[in-house]
């Protein structure tokens with residue numbers, strides 16, 4: 001068994017020695033030779049490519065990023081974008097809580113979370129397409 005392993009290792013060494021160039025320097029073959037490493041734009045396809053193109057045109061066209069948190073007061077409510085006049089919103093009242101309090105938001109005045117009292121306001125959002 002060990003002789004087979006040594007023969008295999010010898011074959012690898014022979015291939016490495018025969019891969020030397022005309023100046024007796026080992027020829028280096030790389031997958032990145034030629035065009036270099038492709039960028040994300042080069043590799044993206046389908047929906048990922050469409051999202052990347054739209055993101056270059058404007059800030060967060062498909063609401064992928066989390067909204068910026070506000071103070072949650074009546075004067076500075078958390079803004080909830082929606083394409084309709086009412087939307088279900090969820091509030092995690094405590095930072096380490098695993099329960100989400102769901103409630104309806106309607107267009108107009110800011111509304112409070114029924115559990116903790118944080119204010120939310122529905123704002124109309126136009127789709128990017």
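Glycine too: its Cβ is placed from the backbone N, Cα and C atoms.
Taken verbatim from TrEMBL:
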type: BINDING; residues: 91, 93, 113, 116; note: Zn(2+) binding site
type: MOD_RES; residues: 68; note: N6-acetyllysine
type: MOD_RES; residues: 86; note: N6-acetyllysine
type: MOD_RES; residues: 121; note: N6-acetyllysine
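Reported as a whole number, the C-alpha separation between residue 113 (Zn(2+) binding site) and residue 121 (N6-acetyllysine) equals 11 Å. Listed in sequence order, 99, 101, 113, 115, 116, 118 are the same-chain residues six or more apart from residue 93 (Zn(2+) binding site) with CB atoms under 8 A from its CB.
Nearest Cα neighbour of residue 121 (N6-acetyllysine) among the listed recorded positions (68, 86, 91): 86.
Residue 91 (Zn(2+) binding site) and residue 68 (N6-acetyllysine) are 14 Å apart (CA-CA, integer value). Fewest Cβ neighbours within 10 Å among the modified residues 68, 86, 121: this applies to 68.
Annotated Zn(2+) site 91, 93, 113, 116; additional same-chain residues within 8 Å of its Cβ mean position, judged by their own Cβ, are 92, 101, 114, 115, 117, 118.
Looking only at other Cβ atoms within 10 Å, the busiest spot among the binding-site residues 91, 116 turns out to be 91.
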